[in-house]
Amino acid sequence: MDKRLLIKKALEAREKAYVPYSNFRVGASVLTEDGEIYTGCNIEISSYSPTLCAERTAIFKAISEGHKRIKAVAVVGDSDFTYPCGVCRQVIREFGKDAIIIVANSEKDYKEYRLDELLPHSFGPEDLENKKK
Ligand code: THU
């Protein structure tokens, strides 16, 4: 896995952030199981609640193109190490139980976690498995 490439892509995506309300730019990239990379930025809406985080923009782009599993997510924000919010952690959980999360300030300055370190004792699709008809 080329972590520096993932961070580079997230940094490029951050340039596209639409953040007229917070001015807090975030970019993300997602590595799919078959090696493709999708990127996303945060998109803010004047009525606030429809706002979408960069991570979810990238993940939903990947899923909507037919991918089912994600191996890694890189995120670059506007603070010193911007971590994925709780909602994004749960969305990552849906498609990448074993995903690696790269939280970066730059291509050289980053930290790496397994999803279960950031979202321990999680709830996920398997919990609903025996309820399916
Ligand atoms: N944001 C993200 O894009 N990802 C995160 O993980 C944290 C927060 C965005 C949402 C909003 O546009 C701005 O940062 C401030 O909350």
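Each Cβ is built from the backbone N, Cα and C atoms, and glycine gets one as well.
TrEMBL labels come from automatic prediction, so no person has curated them.
In terms of DSSP secondary structure, the domain 'CMP/dCMP-type deaminase' (1-126) contains 39 helix, 31 strand, 56 coil. The annotation domain 'CMP/dCMP-type deaminase' is assigned in TrEMBL to 1-126.
As annotated by TrEMBL, substrate binding site applies to N42, I43, E44, I45, S46, S47, Y48. Close to S47 (substrate binding site) in the fold, though at least 6 residues off in sequence, lies no residue with a CB less than 8 Å from its CB.
According to TrEMBL, the feature Zn(2+) binding site maps to C53, C85, C88. Sequence-distant neighbours of C53 (Zn(2+) binding site) (same chain, 6+ residues apart, CB-CB distance under 8 A): V26, A28, N42, P84, C85, V87, C88.
The feature active site, proton donor is assigned by TrEMBL to E55.
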Neighbourhood of ligand 1 - binding-site residues from I43, I45, S47 with Cβ under 6 Å: none
E55 (active site, proton donor) and I43 (substrate binding site), distance between Cα atoms, whole Å: 11
Taken over the domain 'CMP/dCMP-type deaminase' (1-126), the model's mean pLDDT: 98
Those residues of the chain, 6+ apart, with a Cβ under 8 Å from that of I45 (substrate binding site): T51
Separation of alpha carbons, E55 (active site, proton donor) and Y48 (substrate binding site) (Å): 17
